[in-house]
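*Asks:* These came from Swiss-Prot, pasted as-is:
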- 7-27: transmembrane segment (TRANSMEM)
- 28-480: topological domain 'Lumenal' (TOPO_DOM)
- H97: active site, nucleophile (ACT_SITE)
- N305: N-linked glycosylation site (CARBOHYD)
- N354: N-linked glycosylation site (CARBOHYD)
- D379: active site, proton donor (ACT_SITE)
Amino acid sequence: MLFRNRFLLLLALAALLAFVSLSLQFFHLIPVSTPKNGMSSKSRKRIMPDPVTEPPVTDPVYEALLYCNIPSVAERSMEGHAPHHFKLVSVHVFIRHGDRYPLYVIPKTKRPEIDCTLVANRKPYHPKLEAFISHMSKGSGASFESPLNSLPLYPNHPLCEMGELTQTGVVQHLQNGQLLRDIYLKKHKLLPNDWSADQLYLETTGKSRTLQSGLALLYGFLPDFDWKKIYFRHQPSALFCSGSCYCPVRNQYLEKEQRRQYLLRLKNSQLEKTYGEMAKIVDVPTKQLRAANPIDSMLCHFCHNVSFPCTRNGCVDMEHFKVIKTHQIEDERERREKKLYFGYSLLGAHPILNQTIGRMQRATEGRKEELFALYSAHDVTLSPVLSALGLSEARFPRFAARLIFELWQDREKPSEHSVRILYNGVDVTFHTSFCQDHHKRSPKPMCPLENLVRFVKRDMFVALGGSGTNYYDACHREGF
């Protein structure tokens with residue numbers, strides 16, 4: 001009995017100490033760790049590497065895992081966050097397609113055996129996957145802009161075709177769509193229950209993986225949507241430049257950027273040694289192996305946990321993978337420093353950004369069309385937009401990456417509108433070149449829409465130098 005009483009006494013004492021400790025922390029009588037800049041961890045914009053959760057030195061395997069974006073528990077996101085007196089007006093979503101089969105094969109090796117049929121009880125799983133498959137099977141009469149109407153609405157090959165979307169890719173975008181549904185529809189009522197076709201704007205390139213990714217996100221966002229209300233427009237260019245694709249100066253920037261990439265590769269003796277070793281394993285000339293872009297296929301093996309290929313001469317291994325991935329990371333770092341890609345990005349991203357602000361400006365006038373815009377695209381679409389916005393530290397677009405522009409109206413001052421920019425759920429608005437100094441100049445909590453409009457209409461051309469003040473002049477500048 002005495003032992004039992006002592007045990008109960010100790011238990012009560014422990015509970016009391018825990019309560020006191022939590023109370024002191026709540027009232028900030030015990031200091032809690034805060035970042036050096038004084039911001040709380042909740043408000044800190046995590047576009048920069050987080051020293052607590054990320055390796056102190058760049059780790060190629062860690063970066064590759066982030067790139068794979070393997071579906072897991074629901075992620076935390078900052079979409080839809082604004083002061084209570086702001087009303088959400090429109091949302092503009094740019095996505096990279098989900099996980100896909102490689103575009104290239106390592107010469108003389110067996111293709112990775114990945115099943116591109118959709119199976120509801122196979123990992124990765126999503127609660128809406130079976131319903132998605134059923135709904136897609138009813139969409140054969142969907143009316144899309146040619147040539148999209150000739151593409152399959154979902155992946156369905158026991159052995160994936162080159163570049164085909166995988167089940168992982170479908171699940172990634174079902175998750176994206178459901179997350180956006182919870183925030184924009186359930187919380188902010190962006191669209192009415194009886195939404196109409198003209199309240200959506202949907203555009204995709206002519207690849208099955210982008211159309212299917214767009215449909216997966218759309219199904220997560222608007223489950224069991226009416227096929228008669230869905231119309232995807234076809235975009236021939238990965239830059240989504242529509243009728244403004246001819247731009248000689250942009251092409252010159254790209255040529256110089258590709259030259260920079262080539263020279264950096266030549267300087268990397270370890271990379272050349274690795275390519276040489278791999279070429280011997282598969283018994284092809286080093287030049288042929290390099291041209292096959294082996295990292296594309298190796299990433300598929302890595303993301304799907306499939307062994308790297310072997311021949312009688314040996315096996316491609318993780319060390320080879322690390323060397324090539326490390327070079328990719330170094331290439332991205334030098335790309336930011338040299339600014340050639342930045343020049344390419346300003347001109348490459350201008351048409352799609354110009355379309356976006358035009359759509360936003362129409363929404364500020366009270367127009368109810370195109371309140372939700374979705375561009376289903378590629379890494380080579382999102383990467384220039386990120387660079388042009390000044391988000392130089394943003395990671396290269398992972399599978400199923402999402403970049404979102406939100407337009408908000410101040411209910412207390414209805415004529416004033418603001419924007420938020422989010423990348424993979426992180427609020428990066430105040431990292432953009434057009435709003436990074438906003439808090440120094442204004443007490444307003446949100447970035448004014450005028451900042452983005454001025455950036456697209458004027459500042460993008462100023463950043464290029466020269467005397468051009470519009471897209472045509474900047475694209476045809478002499479003496480570049």
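We number each residue from 1, going along the chain as drawn.
Here the Cβ of each residue, glycine as well, is placed from N, Cα and C on the backbone.
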*Asks:* Spatial neighbours of the residue listed as 'active site, proton donor' among the recorded positions H97, N305, N354, defined as Cα within 10 A: which are they?
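*Replies:* Among H97, N305, N354, the ones whose Cα sits within 10 Å of that of the residue listed as 'active site, proton donor' are H97.
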*Asks:* Quick one: of H97, N305, which of the recorded positions has the smallest count of other CB atoms within 10 A?
*Replies:* N305
*Asks:* Using DSSP and collapsing to three states, where does N305 (N-linked glycosylation site) fall: helix, strand or coil?
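*Replies:* SS state of N305 (N-linked glycosylation site) = coil.
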*Asks:* Just how many other Cβ atoms lie inside 10 Å of the Cβ on the residue listed as 'active site, proton donor'?
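*Replies:* A 10 Å sphere around the Cβ of the residue listed as 'active site, proton donor' contains 16 other Cβ atoms.
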*Asks:* Per DSSP, to which secondary structure element type does N354 (N-linked glycosylation site) belong, with helix, strand and coil as the options?
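*Replies:* In three-state terms, N354 (N-linked glycosylation site) counts as helix.
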*Asks:* Please report the number of other Cβ atoms within 10 Å of the Cβ of N354 (N-linked glycosylation site).
*Replies:* 18
*Asks:* What does DSSP call the residue listed as 'active site, nucleophile' in the simple three-state scheme?
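*Replies:* Where the residue listed as 'active site, nucleophile' sits, the three-state DSSP reduction gives coil.
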